[in-house]
Amino acid sequence: MAAKEIKFSTEAREKMLRGVDILANAVKATLGPKGRNVVIERSFGAPRITKDGVSVAKEIELEDKFENMGAQMVREVASKTSDVAGDGTTTATVLAQAIVKEGAKAVTSGMNPMDLKRGIDLAVGAIVAELKANARKISNNSEIAQVGTISANGDAEIGRFLAEAMERVGNDGVITVEEAKTAETELEVVEGMQFDRGYLSPYFVTNADKMRVEFEDPYILIHEKKLSNLQSMLPVLEAVVQSSKPLLIIAEDVEGEALATLVVNKLRGGLKIAAVKAPGFGDRRKAMLEDIAILTAGTVISEDLGIKLESVTLDMLGRAKKVSIEKENTTIVDGSGAKSDIEGRVAQIRAQIEETTSDYDREKLQERLAKLAGGVAVIRVGGSTEVEVKEKKDRVDDALHATRAAVEEGILPGGGVALLRAVKALDNVETANGDQRVGVDIVRRAVEAPARQIAENAGAEGSVIVGKLREKSEFSYGWNAQTGEYGDLYAQGVIDPAKVVRTALQDAASIAGLLVTTEAMIAEKPRKDAPPPMPAGHGMDF
C-alpha cells in the first residue's frame, strides 16, 4: 500500500478552498445573459466552446491532490443539480463557493463546525419554504418560451421552439434534441405512437409516391409470436374481409408462406393488409405490445394468456383512427383505448421510472411513457460549423430541462433575485446557540452571490446592484442584466424555474456543509523513486 499524505484543520481547509475557487471561478464566468464562453481543449478535433457550467466543471482536474479534492466536491454539486433539475449548475457552484468561503472563515475564528452546518441547514430549509410559497404556476405558452429563452442565454428562437414542442406533445411528451444536417434549426413533431419498425414487404404500400402504407380506421392484430402460416388466422381474416376494414398485423415476425399469402391477397385487391415486426426485444417487447394493446383497446394474442389465434374474434383486435407505415417506422394515431386505461398504464410506467436505478431503463421507460401520453418532438439544431452546433445543442438541452422544471414546480423572478428576496424568511429562524446563528448568517450572505456574479459578468458593480435591490421589498422587483434596467422581472420575462433555484441551493449547501466540517484530508503521496525511462536500443535495427 502506497504511503499517504495527511493534512489537518486550517491547512487542509486552505488547500481545499483553493481547489474550490479554481473550479468555481472558471464556471462562474458563464453565469447570466452576459456570461462569457469557456474554451475546452479536445484531445482530437476542434476545441469545444461552451457556456454550460456543468460541462466546464467536468473538465477540471487539478495537479495538487488536496486542491483537486475540493474541486471535485464542487463538481459534484454541479453534476447533482444537472441530474435533478437539468439547469442551474453555475448558480449551484457560485452558492457552494460562497458558503464554503464564509464557513471556512467562521471555523478558523473558532466556531463549532457542526453547529455552523446545523445553522446552514436550518437557513436553507427556511429559504426553500419561502421559494415554494412564492413560486407562480406557469399559465401560458409565452411563459414557457420565456423560461426557454433565459436558459438558452437569451436565444428567443430556442424558447419559441420549446414552447411549441411542449404545446404539441404535452408536458409528458418526449422532446429530443439532435444535430441538424443544415444551418437552420427546425422542429418536427410525431403525434400518436411511433415505433421503429417498418413494413415487412414493399408490396404492402398503398401510397406509391411516398412509399408509405396509409390505413384509415384499421383493425390491429397484436401477436406475440412468429407467424409462419396463415391456417390458424383464417377465421379472423375472413371476419376482417367481411367488415371491409384494413388490417395491420404486429407480430414477432411474419415469414415464408404467411408473408407470401398476405402479399398475394393484397395484390389481388381482396385484402387491405400490412404486417410489421413488433418493436423492442425480450421483456421490453412484451411491455410495448401491451402498451399498443391498451392504446388501441385490443388484446395481445399470447399463448401465456391461453389465447390461440384460431379463437380470435374481431373484438379482440385493436382499433385506431389512422395508421401510417414507412420503410423504417410505424405510427398509430388516435387509438381507441379508454382514457382511464391509458392513464392507468401511464401511472404504472411512472412508478417504474421512479423505482429504476438504471439510466438506460429510465430512458426507455420515458420513451414508452411519451408514446402513450402524446407524442414525440424532435428539435434539430443547425449551425454554420460543427463547433457552433455543439455549443447551441448544449444550450437547447439546458433550456429543455429548465422548461420541464418550470412546468413541474412553477417559476420565480430570475437574475438571482428570488434568493435575495427569500432571505426575509431567515428573520424567523430559531437557533439553539450563537454558532448556529452564524451558520444562518453565512447563508444570508451567500445567497447574494448569484445576483452579484450576474451583475459583474454584465460589467456592472455587484455590490451597487444588490444594494439597490435591497431598497425595494416587492418579490419580483429586480435588475435585468440584458437591458440594464430595474423593474418587475416577471413582466420583463426574466424568470427561473422554482425547481432549478431550489435544487441549486440545496445541493450547494449540502456539499458546502460537508467541506466546512472537514478536519483532515488524506491523499496518496507522489512517488519520488520512479524508475528511469528505458534507454533507446542501440545497434538493434535489423
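Cβ atoms are placed via backbone N, Cα and C, with glycine included.
What Swiss-Prot records for this protein:
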- Thr30, Leu31, Gly32, Pro33, Lys51, Asp87, Gly88, Thr89, Thr90, Thr91, Gly415, Asp496: ATP binding site (BINDING)
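Cβ contacts within 10 Å of Thr90 (ATP binding site), excluding its own Cβ and spanning all protein chains shown: 29. Long-range Cβ contacts of Lys51 (ATP binding site) within its own chain (separation 6+, distance under 8 Å): Thr30, Gly35, Arg36, Asn37, Val38, Asn153, Glu391, Asp394, Arg395. In this structure, the binding-site residues under consideration are Gly88, Gly415, and the one with the smallest number of other Cβ atoms within 10 Å of its Cβ is Gly415. Long-range Cβ contacts of Gly32 (ATP binding site) within its own chain (separation 6+, distance under 8 Å): Gly415, Gln453, Ile454, Ala455, Asn457, Ala458, Ala481. Lys51 (ATP binding site) carries neither a helix nor a strand DSSP state and counts as coil. Of all the Cβ atoms in the protein chains shown, 22 others lie within 10 Å of the Cβ of Thr30 (ATP binding site). DSSP assigns Thr90 (ATP binding site) to a helical segment in the three-state reduction.
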